[in-house]
Amino acid sequence: MSKSRLPRVKLPLRRPPNSPLPDSRLRRLAAAIAEILRTRDSNPQWEDSLADVLPPDEDIAPVVARLPNPDYALTFFSWARRRPFKDLPDAASYSELLRLLARFRCFEESQLVLETMITEGKTPTHDAFSTLIGSYARSGLQDKALSAYSTMRELLSSLPNVPDCNSLLRLLVKSGRLETAQQVYDEMLNRDGCADNFSTGIMVKGLCMQGRMEDARKLMDRWGHGCVPDVVFYNMLIDGYINCGNVKMGHTLLREMLLKGFLPTLSTFGSIINGFCKKGDFGKIDTIMTEMKARGLNPSVRIYNNIIDARCKHGSIIEAKAVLKKMIVSGCQPDVITYNILISGYCRCRRVGEAENLLRGAIGRSLIPTKLSYTPLIHGYCQEGSFGLASSLLTEMFEMGQKPDLITHGALIHGLVVAGDIHEALSVKEKMEERGMVPDAAIYNTLLNGFFKKSMLPSARKLLADMLDQNVILDEFVCATLIDGFSRNGDLESASKIFHFMGEKGVGRCTVVYNALIKGYTKAGMMSEAVICISRMKKEGYLPDAFTYSTIIDGYVRQCDMDGALRMFGDMAKHKYNPNIVVYSTLINGFCKSGDLDGATSLFREMQSHGLVPNVVTYSILIGGFCKMRKIVSAAALFEEMLRSKCFPNNFTFRYLVEGLLGYRHDIDSLPVKVEFSMTEMFKNMISDGWYYKTAAYNAIIFCLCKHHMLRAALDVRDQMLKQGCFPDSVTVLFLLHVICAQGKSRECKNILSFDFEQKEAEVVHKYMSLLDRNLNEGKPSEASCTLQSLFDVNCASQILTA
């Protein structure tokens with residue numbers, strides 16, 4: 001064989017033309033013996049019958065080889081060993097028996113025969129060993145195959161036949177034992193005629209599966225520079241590079257193929273297109289598709305499906321639908337997978353109605369929908385709250401002969417529970433059981449969670465009993481739900497029982513489970529038990545996480561035990577856990593409750609120094625603390641900082657500020673004003689100008705929000721004013737108009753604001769116009785001031801005409 005080429009595919013061995021046909025006498029003899037063995041149960045003299053037909057000096061090896069099944073062969077062989085022939089069965093007879101047993105995969109008997117031969121010093125023939133190894137390999141028994149392979153090499157110094165060697169290689173590669181496969185392959189190469197293209201292909205495919213692409217390429221280099229791989233090898237390598245994400249190298253190999261004169265197949269182009277689909281490079285995909293068609297290759301449905309799937313995953317639903325149309329026009333008929341991909345894509349984009357239209361289109365094409373056709377639709381309708389449509393589709397699945405699985409039912413049950421319709425969810429579960437399906441732990445977990453959220457403890461207990469009756473195993477997730485649910489509803493005794501049950505049954509009590517119980521203890525004020533829980537979880541090898549620490553810290557804060565909270569905060573840092581925004585907010589709240597605003601402020605600044613950005617809760621807690629301690633200037637300064645950070649305040653923030661400002665309503669002169677053009681200065685000015693206290697407070701907050709261009713928040717405060725019986729006035733409108741104009745929405749102002757003013761308000765509002773223009777517009781009249789002035793002029797003229 002030329003060393004410059006890959007091993008060639010071997011043709012089946014053929015009998016030479018001058019070789020005699022099998023001896024007809026042997027065939028007749030084997031048939032006669034088989035007939036005697038077939039009727040031996042009804043023929044007590046069957047052994048004598050065998051002796052009559054088998055000459056004493058007959059070689060039994062060819063007879064064994066021609067018997068039709070292992071049972072006859074073993075019975076005949078056992079009889080032959082007891083007969084007084086010239087010798088016990090020889091190595092050839094044993095080998096034929098071993099070979100027949102291996103062909104029929106009677107491995108226990110094969111092993112016994114092999115061991116007997118070795119004990120008696122008889123060596124199996126090459127073909128017997130090879131057949132045994134091949135049968136082991138094709139049956140997936142890799143250890144036995146390797147053991148027989150090793151024994152063959154030791155006894156015969158040879159390897160199995162090429163097809164049997166290839167079966168062993170294929171099994172080793174499939175099992176991930178590539179190094180062992182490489183050793184077998186190398187031994188095959190070292191013996192001329194023991195490897196072929198299939199052998200090399202198996203190894204190339206195995207290396208590609210493990211991402212060892214360079215090793216796969218080197219396999220073709222070991223036969224020299226003249227080695228010319230064929231299309232099959234190129235396809236394997238291209239597919240390997242694509243699966244590794246190296247689309248560029250796969251594309252380069254395609255060009256190399258073309259330069260060497262090989263014609264790419266549909267599989268070649270399909271792999272390249274699949275690679276570009278994963279990258280989302282649709283320009284390259286169009287180029288490859290054009291090249292395919294130019295070479296007379298029509299894209300398969302699989303290729304179109306990959307392109308449609310890629311379009312859907314990259315959010316191009318319209319383009320995906322366009323590919324479907326092109327596919328049909330080109331004569332390639334979509335299959336149910338095509339429609340399933342599109343249905344899933346449309347459902348992900350919340351276009352469930354259009355997705356169902358696709359389902360109807362598939363049925364109209366006589367395609368049979370599968371579970372993957374219905375499940376995304378059911379899940380999508382549940383997310384929309386259209387549970388009637390979801391239930392109808394579930395019924396339709398049965399009518400179409402598709403049995404919904406646990407995932408499909410689970411999607412509907414989960415959607416109903418999330419929507420708060422726990423009774424309908426339970427009804428779906430009961431219908432499942434009527435159809436012979438047993439809900440799994442995940443479905444029970446969803447239902448239990450729904451019952452606990454609605455504080456329906458008796459229903460939860462009944463469902464738990466039903467779960468145990470159905471022999472559904474309580475996993476750690478269900479147990480965590482039970483512990484959390486019972487704890488949340490004040491039943492710590494039941495939560496503790498579930499916890500101990502887990503220990504007794506060997507169910508893993510992970511950190512999530514411990515956290516659920518700790519949360520229950522802290523909520524009940526049982527801090528000692530919560531701390532003991534942490535010690536126990538550490539002993540079991542589970543480390544507290546950020547949630548554990550934040551829960552314990554929150555518990556101490558609820559008990560006004562700041563020492564305990566700070567001790568746990570220090571322990572958290574000791575275990576290398578960086579406190580998150582929740583932990584800091586909880587501690588800041590604790591300091592504020594205890595009146596330690598210096599501690600709260602210090603912790604707030606420490607949090608910022610660690611790169612954590614305060615959220616609306618953190619800001620509101622500290623602002624509330626300042627307001628309660630009559631430190632309105634500090635509260636106002638923090639509010640300004642909050643707005644500069646683009647953190648949108650909430651109703652709690654506004655309520656704290658209003659209460660803080662109103663705290664000075666009986667002693668307005670004592671209200672300190674340290675910053676000009678601030679919220680406190682605006683409040684003080686308005687009170688001095690005769691404004692009602694609460695209206696002035698709301699206007700001062702609106703002013704601050706408008707100064708920072710937070711229109712939506714300012715409008716929310718205006719709505720709160722109305723709910724509190726405070727009517728917006730001309731100054732409220734001025735402040736809001738300022739931010740509306742600043743955002744370029746002056747034409748929309750009449751849709752947002754009401755301009756029904758009295759003429760007497762004009763004089764007062766002019767003062768605040770000037771104040772805004774001086775501080776925000778360099779003293780020049782702003783668009784807001786001009787707009788409001790024109791509105792006053794119109795109102796004034798209208799009132800004169802009316803008079």
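Each residue, glycine too, has its Cβ placed from N, Cα and C.
The shown structure was predicted, so the numbers you read here are calculated from the model rather than taken from an experiment.
Here TrEMBL flags 1-13 as compositional bias 'Basic residues'.
Annotation source TrEMBL lists region 'Disordered' at 1-22.
What TrEMBL lists as repeat 'PPR' is 161-195 (among others). Note on the repeat 'PPR' (161-195): its mean pLDDT in the predicted model is 89.
Residues annotated as repeat 'PPR' in TrEMBL: 230-264 (among others).
Taken from TrEMBL, the feature repeat 'PPR' applies to 300-334 (among others).
The annotation repeat 'PPR' is assigned in TrEMBL to 335-369 (among others). Same-chain neighbours of the repeat 'PPR' (335-369): 301, 304-305, 308-309, 311-313, 315, 317, 320-321, 324, 327, 376-377, 379-381, 383-384, 386, 389, 393, 397, 400-402, counting only residues six or more beyond its ends whose CB sits under 8 Å from a CB of the stretch.
Panel annotation: around the repeat 'PPR' (370-404), residues 336, 339-340, 343-344, 347-348, 350, 352, 355-356, 359, 362, 411-412, 414-416, 418-419, 421, 424, 428, 435 of the same chain, lying at least six beyond its termini, place a Cβ under 8 Å from a Cβ of the stretch. The repeat 'PPR' annotation in TrEMBL covers 370-404 (among others).
Within the same chain, residues 371, 374-375, 378-379, 381-383, 385, 387, 390-391, 394, 397-398, 446-447, 449-451, 454, 456, 459, 463, 470, 472 sit at least 6 positions outside the repeat 'PPR' (405-439) and bring their C-beta atoms closer than 8 Å to a C-beta of that stretch. The repeat 'PPR' annotation in TrEMBL covers 405-439 (among others).
Listed by sequence, the residues of this chain that lie at least six past the ends of the repeat 'PPR' (440-474) yet keep a Cβ under 8 A from its Cβ atoms are 406, 409-410, 413-414, 417, 420, 422, 425-426, 429, 432, 481-482, 484-486, 488-489, 491, 501-502, 505, 507. Annotation source TrEMBL lists repeat 'PPR' at 440-474 (among others).
Marked as repeat 'PPR' by TrEMBL: 475-509 (among others). In terms of DSSP secondary structure, the repeat 'PPR' (475-509) contains 27 helix, 0 strand, 8 coil.
Annotated repeat 'PPR' per TrEMBL: 510-544 (among others), in sequence order. The list of residues near the repeat 'PPR' (510-544) in space but at least 6 beyond its ends in sequence, with Cβ under 8 angstroms from a Cβ of it, reads 476-477, 479-480, 483-484, 486-488, 490, 492, 495-496, 499, 502, 551-552, 554-556, 558-559, 561, 564, 575, 577.
What TrEMBL records for 545-579 (among others) is repeat 'PPR'. Beyond the ends of the repeat 'PPR' (545-579), by six or more residues, the same chain brings 511, 514-515, 518-519, 521-523, 525, 527, 530-531, 534, 537, 586-587, 589-591, 593-594, 596, 607, 610 to within a C-beta distance below 8 angstroms of the stretch.
Feature annotation from TrEMBL assigns repeat 'PPR' to 580-614 (among others).
For 694-728 (among others), the entry in TrEMBL reads repeat 'PPR'. Broken down with DSSP, the repeat 'PPR' (694-728) shows 27 helix, 0 strand, 8 coil.
Here the repeat 'PPR' (230-264) has Cβ contacts under 8 Å with residues 6, 197, 200-201, 204-205, 207-209, 211, 213, 216-217, 220, 271-272, 274-276, 278-279, 281, 284, 295 of the same chain, all six or more residues outside its ends.
Sorting the repeat 'PPR' (370-404) by DSSP state (H, G, I as helix; E, B as strand; all else coil) yields 27 helix, 0 strand, 8 coil.
Here the repeat 'PPR' (580-614) has long-range neighbours at 546, 549-550, 553-554, 556-557, 560, 562, 565-566, 569, 572, 621-622, 624-626, 628-629, 631, 634, 642, 645, 647, meaning same-chain residues at least 6 beyond its ends whose C-beta is under 8 angstroms from one of its own.
DSSP assignment over the repeat 'PPR' (580-614) gives 26 helix, 0 strand, 9 coil.
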